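According to TrEMBL, the features are:
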type	residues	note
BINDING	A:G14, A:P15, A:S16, A:G17, A:V18, A:G19, A:K20, A:G21	ATP binding site
DOMAIN	A:7-185	domain 'Guanylate kinase-like'
There are 2 protein chains.
Amino acid sequence: MTFKEKGLLIVLSGPSGVGKGTVCKALRQSGTNLQYSISVTTRAPREGEIDGIHYYFKSRDEFQHMIREKKLLEWAEYVGNYYGTPIDYVRQTLDEGKDVILEIEVQGFFQVKERFPEGIFIFLAPPSLQELKKRITGRGTETAELIQNRLTVAKSEIDLMKHYDYVVENDEVHAACERIESIVTAEHCKRERIIEKYKKLSEVDK
Amino acid sequence: MTFKEKGLLIVLSGPSGVGKGTVCKALRQSGTNLQYSISVTTRAPREGEIDGIHYYFKSRDEFQHMIREKKLLEWAEYVGNYYGTPIDYVRQTLDEGKDVILEIEVQGFFQVKERFPEGIFIFLAPPSLQELKKRITGRGTETAELIQNRLTVAKSEIDLMKHYDYVVENDEVHAACERIESIVTAEHCKRERIIEKYKKLSEVDK
């Protein structure tokens, strides 16, 4: 009998335009061990797109059936088409001991959090937030209105990020990737995970 | 007015002989930004040891005064000499925004945890634990007694590690250092720390 440590589900989200796709692509190219889930969609394949590689292409009926059967970790409708994450692929990959990274829009957060509370939720923050300090405490040449607008944006982003486990500032893609990889490594070192592993090992010969 | 993020206190401990000193030395050489605290001791300086660099050398009276004044984060007596960690240096370095790493024996854990609960506590585990799985689930050539002894050791180590935040297996010094550095990076990305920072920034112009 052997004991296999389960993989972690890493959920990367953040405001539209923050660079989630770019960061995910860079992570994929950096040779990290993270697995990417393949989305299901009802939109037509574009030239060169292959079913089961770029997307799982389904009819609207098939997609709605997946929704009803709770076969999707999250799903949304954009411009008349459905997009979603098949839960079976995720569970199977985690059971194989591999970590899975999932890139979602902020709207999908609560769906995934509800169905997979043990996921690691990372909020990718725009570099403007990082520069907030410089801007606010800058040379005092900004108008009060401009400063107020920036604070309002910052506060609405704090409201979004407060549900997440980690916040990674996307000041530079390479730096953001390194932080995400560090989070994955650190999560694997968490005491409760390691103890769980040892406890299971110690029970092997009972 | 500027806001400076406080540094983190990283406390590295683990069973005697696990290699805490070797890992700390390797971290120091890897050019990481971790600051090392200088210990206070009542033992006589050895050849080449300089006061304020290798140790702060104090008399027993001075040391006992520091204990009474709660100027030590932790302290212990070994072979007739006192050894301890001066709290002022640690607080001052953290206030400067620098992370401090502290290497302590497992006996010092509760002292530090009580005086500095916001510290990040890392248990350095011996490689034998890592090999437990292989050993237990091995070829079945081990005697029942030997397996039982190993399980007893493993269980007593689980008892020690259950108070810590992270467990890093010291299978290889370089790998252990990388995990510790990842933990520090990840801790800086924790949502509560980042939000705290932004909240303070947003209050600047009030």
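Every residue, even glycine, has its Cβ placed from backbone N, Cα and C.
Within 8 Å of the centroid of the Cβ atoms of A:G14, A:P15, A:S16, A:G17, A:V18, A:G19, A:K20, A:G21, where the record puts ATP, the same chain has further Cβ atoms from A:L124, A:P126, A:N170. A sphere of 10 angstroms centred on the C-beta of A:S16 (ATP binding site) encloses 8 other C-beta atoms.
Between the listed binding-site residues, namely A:G14, A:P15, A:G17, the fewest other CB atoms within 10 angstroms of a CB are found at A:G17. Cβ contacts within 10 Å of A:K20 (ATP binding site), excluding its own Cβ and spanning all protein chains shown: 21. Sequence-distant neighbours of A:G19 (ATP binding site) (same chain, six or more apart, CB under 8 Å from its CB) are A:L124, A:P126, A:N170, A:V173, A:A176, listed in sequence order. Fewest other C-beta atoms within 10 Å: among the binding-site residues A:V18, A:G21, that description fits A:G21.
Model confidence over the domain 'Guanylate kinase-like' (A:7-185) stands at 88, taken as the mean pLDDT rounded to a whole number.
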